[in-house]
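*Asks:* So that we are looking at the same thing, I have put the structure below in structure tokens.
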């Protein structure tokens, strides 16, 4: 497949990736909620870490020309990860914790999401860079 793909194909990739990402996000969220409960937004944290790791992998796989930028950036980066990751949910979870007066949980949530997601993206990038040398 060439780098020039039709607009219809681009929208189809975004839609397909989005449907898969949203479905997997819901599935993982339910698993984590059943496992760890609702006392802390672990489900949001988990999908954000997985999504950040996957974005790091994707970025380096495209940079190393292992994946096609037009297809995989659209399907996975925009579609799948756009629906899978949950920055808006992370923001709401943090705000609700603050409104409930649970400043410590809110601070921990913010710290964990930011630090672990950046670390996960870096790990994904590092793995591809190391494996492609």
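Note: Cβ is positioned from N, Cα and C throughout, glycine not excepted.
Per Swiss-Prot, the feature Na(+) binding site maps to 82, 85; the stated evidence is sequence analysis. Annotated transmembrane segment per Swiss-Prot: 4-24, 39-59, 78-98, 108-128, in sequence order, evidence recorded as sequence analysis.
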*Asks:* Which stretch from 4-24, 39-59, 108-128 shares the most C-beta pairs under 8 Å with the transmembrane segment (78-98)?
*Replies:* 4-24
*Asks:* Helix, strand or coil for residue 85 (Na(+) binding site)? Use DSSP.
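*Replies:* Residue 85 (Na(+) binding site) sits in coil per DSSP, no helix or strand.
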*Asks:* Taking every protein chain in this structure into account, which of the binding-site residues 82, 85 has the most other Cβ atoms within 10 Å of its Cβ?
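*Replies:* Its Cβ has the most other Cβ atoms within 10 Å: 85.
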